[in-house]
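Here the structure is laid out as structure tokens; the discussion comes afterwards.
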Amino acid sequence: MPAHSLAMSSPALPAFLLCSTLLVIKMYVVAIITGQVRLRKKAFANPEDALRHGGPQYCRSDPDVERCLRAHRNDMETIYPFLFLGFVYSFLGPNPFVAWMHFLVFLLGRVVHTVAYLGKLRAPIRSVTYTLAQLPCASMALQILWEAARHL
């Protein structure tokens, strides 16, 4: 599909696609970081991986690996709903600037949240960025519900 077709189907769609793709890449980066931390700390989840990297004693948990896994799980709990909400919201005909702000606030909130989580930054940075990123999701969800209810 040519790029101009994306904009014609919904002026907000290109912004959504850009932010969504960046968020998916960010999730891949967290997964890669998790793997690197496992290797550095010699803390493997599977016995066969531990055997390959030194022996069965390395099939163990590690606080830093667990932190990475929690960050990744938190991404899944927030980014997957955003992908649905943002896609549907894009087709409601929102003001393109307002849509951009929804998508950008979520993206920046999630990036800072990940940096705060993995970097062990002091409270309340992580919880503030988590909440900030949830505001556009709540806004989009309410607008979707409103539009759906209007057409019942």
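Quick reminder: no glycine exception, Cβ is built from N, Cα and C everywhere.
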Based on Swiss-Prot, are A12 and L92 on matching sides of the membrane? yes
Find, among the binding-site residues listed as M76, V128, the one whose Cβ has the highest number of other Cβ atoms within 10 Å in the structure shown. V128
Tertiary contacts of the transmembrane segment (13-41), as residues 6+ beyond its ends and Cβ separation under 8 Å: 3, 6-7, 49, 53, 62, 64-65, 68-69, 71-72, 75-76, 79, 82-83, 86-87, 89-91, 96, 99-100, 103-104, 106-107, 110-111, 114, 118
In Å, rounded, how far does the Cα of M76 (glutathione binding site) sit from the Cα of D49 (site 'Essential for protaglandin-E synthase activity')? 25
Is it possible to get the count of other C-beta atoms within 10 angstroms of the C-beta of N74 (glutathione binding site)? 17
